[in-house]
């Protein structure tokens, strides 16, 4: 029997998580309802026509206040308080919480009050939740007691699989990350006030340094790296696809060849298959649009100085890769119902 999923918040990640569910019937997930304050007509149109990922290949129509995708009716609501959503009536098992608002235990618990069994937050948690998961690294740690789970961030999902392999095979003393990140909705189209004055500037006109907790958050899934990592983000004028540039001190002398070898082996086998990618080609960001991997190692960029300072670069579609991990993590949570 399919696991029934609700999506709360139908923005970039909400819409793409819906696409990912619908494109992957093998996941065992069934999308039954969407909650968003926008009009059903507007949401249906934006779901069908995506500037980064193209037109949805199936049919998308509306029927009254609901959406019909590939002939299947999806109940649509516009409720501000998640506690009032019809989760119990619809038999919702897992909520994908994609608003960016209900990101702690207290707020996300409203979905449990409404009758859902578990909640997967599409963002780093603000405060304690039952578990933060990066699929491919610690997803097998999920238990029946994990009711409210964070899927971390797109950047943590890119970085953590790479670091997981490096920590196991070589060891990491300390490291710094820079993510060269496409602009997001948390920036301004034209100069306008923002709590971060750099993000207040026109997103399409500048490279914009800003903060990120993605590197530090890796410690939530790889505890032995706590306090050993930090990083920054540089937002750039592209609508999708980002890269992580990670420099680290290895625990022992290493070479670029060894680093590439262990990362390629991990990409080809085991839990990292489909999560971690690897390429020898001279690719650019446009080549990674709609790539479902969490991260793809660019072997041409791997470098080591005197065996004691190393650099690894990995690409990621910060929208589609992350949305696919939402599906994977939800499917893993379903096994604990």
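Backbone N, Cα and C define each Cβ position, glycine as well.
Within 184, 254, 255, the residue that Swiss-Prot lists together with 153, 154, 155, 199, 212, 213, 235 for binding D-glyceraldehyde 3-phosphate is 184. Checked against residue 318 (NAD(+) binding site), the binding-site residues 153, 199, 212, 235 differ in C-alpha distance, with 153 being the nearest. When the CA atoms are compared, the recorded positions lying within 10 A of residue 12 (NAD(+) binding site) are 184, out of the candidates 153, 155, 181, 184, 199. Binding of D-glyceraldehyde 3-phosphate is attributed in the record to 153, 154, 155, 184, 199, 212, 213, 235, and the widest Cα separation among these residues amounts to 19 Å. Long-range Cβ neighbours of residue 154 (active site, nucleophile) (same chain, at least 6 residues apart, Cβ-Cβ under 8 Å): 242, 316, 318, 319, 321, 322.
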